[in-house]
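Single-structure report; data block below.
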Amino acid sequence: MDTQNTFVLENASPDSDMDNGVESVLTGIDAAYRAREDIADTYFVVPDDTFGISSFTFVTQEGLLPPPLTHTCVFESSSLRQQQAPQDDLYSPTDGGHIETTGSPCTQPQPREAMMEAIEAVIVTLIEQLVTSQRLELPPYTHSRKRRPTQDAEGEPESSRPISIRNRKESKQFARYLRVLDIIHESLSRNEMVSKREIYYRDVNLFKTQDVINKIIDNLSRYYNVPRSSLHVTTAVKGILQGAAKITLKNDRVIDCAHWQRDRDSDYCSDEQGVLIPPMSDVKSVHCTANLILIIEKESTFRHLISANFFSHFPHALILTGRGYPDLATRSIVNYLSRITQAGFYCLTDFDPYGIEIYSVYKWGSKVHDFDAPNLTMPRLELLGLSRKDLHSMIPEDEYVPLTQADRKKILDMLQACMAEVEGKTRYKILIQELNTMLYFDIKCEMEVLWQTSLGITGYLKKKLELRS
């Protein structure tokens, strides 16, 4: 090997905890870089024992192949700059300006080719850092936010910094992000979708938990200002709906949500009652004729309404549930419906802090996805019930039960967050009133009690809607 053409970058001492991530990182760089067209005469050789993290070796090709090491990664290039890149360019994800990473109020879908170029540009930057003996750094995908209400959807990142290999913790984070970029690039290049669960199982030893994947995908989506579908990442569908709407998928299949039994062979038809809500990336259009759209916290209540002949009383309604805390597909379709119809939007939840929180997520969004709030929120959503106004008038007093210690702590945390925000007292007035009532009277109530009242759940809804009109 010609030592004149060899460059070694010393980074850190070996870290035995990183062994499981070594091959992932090297494979990630290799896969992304091999996708580029500028193939030629430069090799980067990374031995098995070096990304622990100790050194990288750069070797020019003079008909010489790298030695057959256990974990050898070869990069081919003819256009690498052999000098330090300008500081402003170090974290640019595109090289071509295809994707804006700052200043966008919400995510915007991007072409598959643009996302591939963005990831490849990150890899080029890493290689340039190797060549010029700089510290290896990924773009500032991570971020921290100022403290604010869970229900708020307008927070801004407080600070962020590049992901580097300064210590053991950051080295592991570096490996994880690079491995996810590798998997995403692979799915983009094959034009295939990959689920977050699949990503996790591709490298369990490196990722450790599913939550790690969830956070990385959210951060990548935030950084590139794109929905997860632009990263070719999906999650299992969760929400269900039924009623006066027809969904046309991008494969031109039409799902009639009022007559879902006719479409049993559709991927988005439930085996029970209702239609599984598809990701918006699969939806071409939605035709909705409903004049009432009711969002229900619990699946059990959703099914009880159908069994209680809800649609014979409300034939032009659409009901849906996120089966508890809503997923992005459910929140996205609620947002989409709000833009194509003037129907009234109402929410039915338990009278407890968790029900109020679910209502607030539909209405104002969550801090985890605040960067995409305009695509995931429904500001004109009204809380139909259960509410403080039902006390004594519609629900017997003996149906209420005392709050638990966890309930009280949850309420206090939510109240504190609401009041801490500028104009929070005005913006979250309905939340504050409901939470204060629970706390003052030490009560909560679940929707199931409506099944036993003289009105019944359908009668309850009729009376509440009459009062609204």
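Quick reminder: no glycine exception, Cβ is built from N, Cα and C everywhere.
Keep in mind the model is a prediction, meaning the values are calculated, not measured.
Residues or ranges marked as region 'Disordered' in TrEMBL: 1-20 (among others).
Annotation source TrEMBL lists region 'Disordered' at 83-110 (among others).
For 138-166 (among others), the entry in TrEMBL reads region 'Disordered'.
According to TrEMBL, the feature domain 'Spo11/DNA topoisomerase VI subunit A N-terminal' maps to 172-233.
The number of other CB atoms found within 10 A of the CB of Y201 (active site, O-(5'-phospho-DNA)-tyrosine intermediate), across every protein chain shown, is 12. Residues or ranges marked as active site, O-(5'-phospho-DNA)-tyrosine intermediate in TrEMBL: Y201.
Residues or ranges marked as domain 'Topoisomerase 6 subunit A/Spo11 TOPRIM' by TrEMBL: 293-465.
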Rounded mean pLDDT for the residues that make up the domain 'Spo11/DNA topoisomerase VI subunit A N-terminal' (172-233): 86
For Y201 (active site, O-(5'-phospho-DNA)-tyrosine intermediate), the three-state class that DSSP assigns: helix
